[in-house]
Structure formats: C-alpha cells, structure tokens
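Chemist: What follows is a single structure, and I will ask about it in a moment.
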Amino acid sequence: MAILLASFLWGTTGTAASFAPLASPMAIGAFAMGIGGLLQALLAYRHLWHDWPGLRANPALVLTGALAVAIYPLAFYSSMRFAGVATGTVVTIASAPLLTAVIERLFGNHNPMDRRWFVSLMLGISGILLLAHPGDQEQLPSTDSQHRFGIILGLVAGFTYALYSWIAVRLIQRGVRSQSAMAGLFVPASLILLGSLCLTGNQLFATPTGSAAVWYISLIPMFIGYVLFGYGLRHIDASRATLLTLFEPVVAAFMAVFVVGETITWYGWLGAGLIGVCLLIQTQKA
C-alpha cells in the first residue's frame, strides 16, 4: 500500500506542473528532486548517523545510486520534451519494471521473472500504451530524429529509476535502514540537481501560482512520496515495486480529466482497467 500511495502522489506531479508553464520542465524536476532529497536527509538524520558505516562500506553502490537519481529527472523531463508527454511517460514507466527484473536477474540472488510477473507486466504495459496513446490534438516533435532521441532518453530514465530502486533494496538488505538508504542516495544527487538550476532555473518562480506548484511537487510527491517508496522497499523486491508504480499514469490520467479538463478515449479507460488488473495481481501476491 505504501508503494501505491507513493504512486498516487507522483501521479499528481504532471497536473501540478501545468500550473507553472513558464518554468522549464527540467528545472521543476531538478528542484523538486533536489529539495525532496535534502528533506529526506533531515528526516533520516539520526538513522544516517547510525547507518553511516553501512553506507561507507558500500561506496560503489552509493555513488552509482546517487548518479542514477541525479540523471533520472533530467532524462525523464527531457524525454517528454523531445518525444512528447505521452511517449516519454510510456517509455519510462513501462520499461522500468522489466529493466529492474533484468538487473535483479543479473546481479541479485533470485529470479523475480515468474509467470505471474510476466502476465502482470504485459497487462501493465498494454494498459499504459492504451492510456497514453496520443490523440489527434497532441503535438509530436517536428523531426523523427528528435522523436527517437526522446525515446532513448525515456529508456535512460527507466533504467536509472530501476537502477536506484534496486540499489536501495540492496542497501536495505545489507542492514541499512530504508530512510538512510534513500537519503544516502538522494543527498549527493540533490547537490548535483540543485547545482543544475544555474542553467535551467531562471523562470522557476516567475509567478505565485507556479511557485506554489513547484513547492507542492517538492514537498508532497518528491518528499513524502519517496519516504513511502523507501518504506515499501523494505517489504517487497524492486521489480514488484516498480511494477506497482504503474498506478502512477492512471492517477495522472484521472487528474488530467477532472482537474485540467482533458479528455480520455474509450481505449484509454480500457487501459486504466488493465493496469488495475495488473495491480490487483501484484498486491495479492505481495
């Protein structure tokens, strides 16, 4: 349930970001992830102090995870810019569960890719493809090369999300508390992301409404959401966790309809139903 609640909060970010149209999507992602990471460090201060030996004993994991966290929002928001919002979101979210399972298969101690997992994944991917299928009014990139580059960036975002989720689980399995594991990855990444605002953040707080939206994304989805995500990783493996996050685009679609005023086709609602079946299978298994 913690993973699903985190996914619900993450699903509100797109609607919130629509209230800050002057801000760069990359700047919103960098600021939100950066502030959220620093707040996680403050929340986990005592745990970090006690778990510091465990983090220091795994420098390769911590460094790799921090780089993955830093790259993820930059790749994700850039993917949406080059390939379109629907395509960028689909490629990122749909690729993450499979890439996580591949990482666990190559470097973990077990194979999470059983028959039920594959059925859930196929239902989830099919649902997202239907839900995020571009409508007639969606503006696609002007060139095929930009579109392909956006898809590549979406795969990079999916891989980095899968990678830092798996690394967080590995740290937890090695005795590091979940709050410390997430904070240990997000603090160094936050420094990188906040530093990137020197290049992208000039319009971040251009309007009061936009400022409120940016702070909401930072405090609620990026801070509280990732605290819940870290808690959930204590109880299930990374591949199942990333599969449960397929709930995020369903929430985003409902928010777009009832808050922003967008419309969803009948096959989009069918896709939401398929994702619901996917989540039901996984939550019953958990």
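A Cβ is built for glycine as well, from the same backbone N, Cα and C atoms used for every other residue.
Curation plays no part in TrEMBL annotations; they are all automatic predictions.
Straight from TrEMBL, here's the annotation block:
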type     : residues : note
DOMAIN   : 2-131    : domain 'EamA'
TRANSMEM : 26-45    : transmembrane segment
TRANSMEM : 57-76    : transmembrane segment
TRANSMEM : 82-103   : transmembrane segment
TRANSMEM : 115-135  : transmembrane segment
TRANSMEM : 147-169  : transmembrane segment
DOMAIN   : 149-278  : domain 'EamA'
TRANSMEM : 181-206  : transmembrane segment
TRANSMEM : 212-229  : transmembrane segment
TRANSMEM : 241-260  : transmembrane segment
TRANSMEM : 266-283  : transmembrane segment
Chemist: Select the range from 26-45, 241-260, 266-283 that forms the most Cβ-Cβ pairs under 8 Å with the transmembrane segment (147-169).
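Modeler: So the stretch in question is 241-260.
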Chemist: Based on Cβ pairs under 8 Å, which of the stretches 26-45, 181-206, 241-260, 266-283 lies most in contact with the transmembrane segment (57-76)?
Modeler: 181-206
Chemist: If contact means at least 3 Cβ pairs within less than 8 Å, sequence distance 6 or more, would you call the transmembrane segment (82-103) and the transmembrane segment (241-260) in contact?
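Modeler: Output yes: the transmembrane segment (82-103) sits against the transmembrane segment (241-260).
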Chemist: With helix taken as DSSP H, G or I, strand as E or B and everything else coil, how many residues of the domain 'EamA' (2-131) land in each class?
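Modeler: Computed counts for the domain 'EamA' (2-131) are 110 helix, 0 strand, 20 coil.
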Chemist: Considering only the recorded stretches 26-45, 181-206, 241-260, state which has the highest number of Cβ pairs under 8 Å to the transmembrane segment (212-229).
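Modeler: Highest pair count goes to 26-45.
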Chemist: When secondary structure is assigned with DSSP, how many helix, strand and coil residues does the domain 'EamA' (149-278) contain?
Modeler: 108 helix, 0 strand, 22 coil
